[in-house]
């Protein structure tokens, strides 16, 4: 049942997710592609987590945050991808009212945690390059745990603002969501109640988090760049740059896409463009992160080779 009679109006008890396409051939092709991407995402990020756990050479703050970033990537992708895959296989993909709220909240939670972790990693690089003598004090285990806990608290608060706003909306008419998951913007369009406050609160919290984390990342890298340019040693410059390139690549991919969705005016792009960009940052980027860090980071590659050699000769 998608509708429930309640007094003088009909309340929506579930939603129909329209997905990415109605073309049956394209649905099969997309199912295979996205399933492969999801399997690579889970296996790649799990491998990153396990490698960091078992390699003593990687027991540093940067890799501590990277392991939790990998966990967030798995959660982020898993919040929408399994349901998207089901959508390709069934003629009409329905999701309950409660399930929609849970999916929205989990996607926002893991996405927000990723924002904070990327900012924490930028701060870590700033301390390592600009204040190397104070690194052990400023990035102690206690500080790392505090930054991690702060990331999860920030994720919880932002997710709460979205889910509470969603549950405050009243749906009494159309229940067809023009998306492949329960994104907040298309849900607001279906509401038959006043959306002025419920729509503003999540936008404010999400926008504030994006601005604050981008500010931390930008300031960190400005100081890093200034410090690198002051270095007299070419080898020192190259080493400093190499420790930042993988993180900068991940930041550019993630923030570039979420800025398109949440910062640019809605009139500047269509719903179909929104869907494509959403697939990129919710499905593709979580797959790319472990590849970026493993291919561009010498310590990760070195630890991987040592573990492979150990397993081969053991």
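Each residue, glycine too, has its Cβ placed from N, Cα and C.
According to Swiss-Prot, the disulfide bond annotation covers 100-192. According to DSSP, residue 100 (disulfide bond) is assigned to a helical segment.
Taken from Swiss-Prot, the feature N-linked glycosylation site covers 8, and the record attributes it to sequence analysis.
Marked as topological domain 'Cytoplasmic' by Swiss-Prot on the basis of sequence analysis: 50-57 (among others). If you look at the topological domain 'Cytoplasmic' (50-57), the same-chain residues 6 or more away from its ends with a CB under 8 A from one of its CBs are 63-64, 66-67, 299-300, 302-304, 306-307.
Residues of the topological domain 'Cytoplasmic' (124-136) grouped by DSSP class, helix first, strand second and coil last, total 12 helix, 0 strand, 1 coil. The topological domain 'Cytoplasmic' annotation in Swiss-Prot covers 124-136 (among others).
Nonlocal intrachain contacts for the topological domain 'Cytoplasmic' (221-240), taken as residues 6+ away from its ends with a CB within less than 8 angstroms of a stretch CB, comprise 122, 125-126, 129-130, 248. Marked as topological domain 'Cytoplasmic' by Swiss-Prot on the basis of sequence analysis: 221-240 (among others).
Swiss-Prot lists 296-314 (among others) with the feature topological domain 'Cytoplasmic', giving sequence analysis as the kind of evidence.
Per Swiss-Prot, transmembrane segment is recorded for 29-49 (among others).
Feature annotation from Swiss-Prot assigns transmembrane segment to 58-78 (among others). For the transmembrane segment (58-78), the residues of the chain that approach it from at least six positions outside its boundaries are 38, 41-42, 45-46, 48-49, 51-52, 106-107, 109-111, 113-114, 117-118, 120-121, 124-125, 128, 139, 144, 147-148, 151, 243, 250, 282-283, 285-287, 289-290, 293, 299-300, 303, judged by C-beta separation under 8 angstroms.
Residues annotated as transmembrane segment in Swiss-Prot: 103-123 (among others).
Per Swiss-Prot, transmembrane segment is recorded for 137-157 (among others), and the stated evidence type is sequence analysis.
Positions annotated as transmembrane segment by Swiss-Prot, on the basis of sequence analysis: 200-220 (among others).
Summarising the annotation, Swiss-Prot assigns transmembrane segment to 241-261 (among others) and lists sequence analysis as the type of evidence.
For 275-295 (among others), the entry in Swiss-Prot reads transmembrane segment, with the evidence type sequence analysis.
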Exercise. Quick one: among the disulfide-bonded residues 100, 192, which has the most Cβ atoms sitting within 10 Å of its own Cβ?
Key: 100
Practice problem: Would you mind giving the whole-number mean pLDDT across the topological domain 'Cytoplasmic' (124-136)? | Solution: 92
Quiz item: Any chance the transmembrane segment (241-261) and the transmembrane segment (103-123) have 3 or more Cβ pairs under 8 A, given the pairs are 6 or more apart in sequence?
Solution: yes
